[in-house]
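Heads up: the structure comes next, in structure tokens.
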Amino acid sequence: MDYTAAQSGFRQRKLQHNMRLRNSSVDRPDGSQLFDDTSAAVPGPEGAYRNQQAGPQAAGLPGHSFLSDPMSNLAVAYGSSLASQGREMVDKNLDRFIPISKLKYYFAVDTVYVGKKLGILVFPYMHKNWEVNYQQDIPVAPRFDVNAPDLYIPTMGFITYILVAGLALGTQNRFSPELLGVQASSALVWLIMEVLAVLLSLYLVTVNTDLTTIDLLAFSGYKYVGMIVGIVAGLLFGRPAYYLSLLWCCAAIFVFMIRTLRLKLLSEAAAEGKLIRGTRNQLRMYLTMSIAAAQPIFMYWLTYHLIT
Amino acid sequence: MAFTLYSLIQAAILCINAVAVLHEERFLSKIGWGVDQSVGGFGDEPGIKVQLMNLIRSVRTVMRVPLIGVNSVCIVLLLLFG
């Protein structure tokens, strides 16, 4: 709520606790309005109504001399209005550089989606329907379609990869805190270079596709799942387990990428499996194959130095 | 293997410099990659070579002036911090 910014001290905490008990039946967004609760149906108007509701309630609570003092009341209201103005300004300017609204689409996931997607990443052979559902030209949010790309799994996978790399280095007594930063920036650099290379090759082959840069970032980030599985297997069971699990995950990512990219890059007929001659379709096929083949190479390159 | 973001930026600056110094008359036309040779036929088949030539031309046009600033900054930083 807005009052949390201005409060400190025991009495205010007790006041907040009473308010929380009163409002416990209402579903509240946690923290500021920067993070909308996309799982609820309509969070916007309810949030505004709840803020107004909390105001009169707090002012009318008996026995707390803090908020019955009109000067402090005024100060709290002024401070909260300043804070919300500042937040609006930051939001407006930030939206110019980083398209936050577009990013929110990629993080609209839930547990079921993440579970299914992880399953497909490790075992894509049973999945039949790889098409992304559309809703009036806008791709459906990842929560409702398991084939839609998301950024949650790649981000979490990246962070987990760095942590697991630190763990692996620690078991070999090679760890120091700077190495975590080095690993992180190396992996990030390789990721950026891969996305730039894919963008360049998509431009050169003049593919008309609706793949955005963030989609490519998401697809390139899916390999971190396989890498983590490989490293963990190598840590638990030794080198042969590392090679075996890495081989399995490489094959899985290869099949996953080919099946996903086939629908996006190739023309309609070629995507259904008919062999269509012509340099353009051949080029596109080669492009798809090379993007998919680059994933296992990166997976091996980024993990082999972590396993003794 | 120990890449940092700064080495990526340096590599990018070097690559863009390399593309920007390709001279139109003296070099690109001589090897058949000039702008006047990129007018292909109609239809939607530009081909890789034409796309590459367009890319080189647009990089040169866009990045000529900003590269002056970026290179100067890079030189100063390298002189100061090695």
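Yeah, the Cβs are placed from backbone N, Cα and C, and that goes for glycine too.
Values in this document were obtained by computation on a predicted structure and should not be read as measured data.
Feature list (source: TrEMBL):
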REGION    A:23-57  region 'Disordered'
TRANSMEM  A:151-170  transmembrane segment
TRANSMEM  A:182-204  transmembrane segment
TRANSMEM  A:216-236  transmembrane segment
TRANSMEM  A:242-262  transmembrane segment
TRANSMEM  A:283-302  transmembrane segment
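When each of A:151-170, A:216-236, A:242-262 is checked for Cβ pairs under 8 Å to the transmembrane segment (A:283-302), A:242-262 comes out on top. With a threshold of 8 Å between CB atoms, the same-chain residues lying at least 6 positions outside the transmembrane segment (A:151-170) that come near it are 103, 106-107, 109, 114, 117-118, 121, 142, 179-180, 183-184, 187-188, 191, 214, 217-218, 220-222, 224-225, 227-228, 231-232, 234-235, 302, 306-307. For the transmembrane segment (A:242-262), the list of distant contacts is 120-125, 127, 130, 147, 219, 222-223, 225-227, 229-231, 233-234, 271, 288-289, 291-293, 295-296, 299-300, 303, 307: same-chain residues at least six beyond its ends, Cβ to Cβ under 8 Å.
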